Amino acid sequence: MSPGSLGCAELWPGHPQGLSLPLASTPGMGNGVQEGSVRLREDAETVLSGAVSSKRDHRQVLSSLLSGALAGALAKTAVAPLDRTKIIFQVSSKRFSAKEAFRLLYFTYLNEGFLSLWRGNSATMVRVIPYAAIQFSAHEEYKRILGRYYGFRGEALPPWPRLLAGALAGTTAASLTYPLDLVRARMAVTPKEMYSNIFHVFIRISREEGLRTLYFGFMPTVLGVIPYAGLSFFTYESLKSLHQEYSGRLQPYPFERMVFGACAGLIGQSASYPLDVVRRRMQTAGVTGHQHGSILSTLRSIVREEGAVRGLYKGLSMNWLKGPIAVGISFTTFDLMQILLRRLQS
């Protein structure tokens, strides 16, 4: 049989699947030409839609990273003086009270100036901008992955996957940015003469205490961030879902987002607070005179010296003030930035 009688075929160069195109056909083979044409059109549409989808995914990731970075920066700067005061109480044996906390703020302002209330905030920004960017972006990606896995693509996740997405996002961000958190804690509890800048902290810790010190307190951080991030994202997403269900509006107003975020911060931080105290104590042991130890030994030391409630929940009332404000600002800023960027892209 000659090639012409069969209709020779040639590969379409550049087609990912090596599609065969009929170049000639004998009478009676019109259906084959039509089928090949249909297949060609379908495959081309698949390739194009895949490219568009990939481009959209990249834009969504960049949008989440930018929105998360701005959200974290605004939230932490707003509550930096309260955060610094809380850390000072967490790492000392002084008894916490609201009166003592505001006295500390006042005398810090008198002795060191107004800007000293934000001491360590530059280190906070270096840490919180990548942390928040990674956490929010990771949360969006985990939601998509879990949504596809459980068959909830494009819809709100059910409770357990929602909780899991938040916990995974927090763990991912904490793992990638932990040394910056330790540096920030050191700068918050030391006089400015001890460390001149962020790089000085890294250099002195490396020389005097060893590189391992940069990861002291990592385990209580991860153990604390699982309930904190999990419950925070879970609470916020759940409240938004309930709001949509009962109000009939697709999007809450900004002040409603602030309230939802405040509730999320209150629940998340209260659940993980004892591990936050242990983490701070371990991070600052080298400059506060405490012994470097394990999670359990640090926990026992705090309970023995200060009591379970007074020691492990020291500064929690300050957290109830700053935490809801920070988390409310953070979630609200992220959502509004996402809406703005989507509108700009469209």
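Cβ atoms here come from the backbone N, Cα and C positions, even for glycine.
Residues or ranges marked as repeat 'Solcar' in TrEMBL: 59-145 (among others).
Under the heading repeat 'Solcar', TrEMBL lists 157-242 (among others).
Averaged over the repeat 'Solcar' (252-340), the predicted model has a pLDDT of 87. Residues or ranges marked as repeat 'Solcar' in TrEMBL: 252-340 (among others).
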> Per DSSP, what is the residue count of the repeat 'Solcar' (59-145) in each of helix, strand and coil?
Replying inline: 76 helix, 0 strand, 11 coil
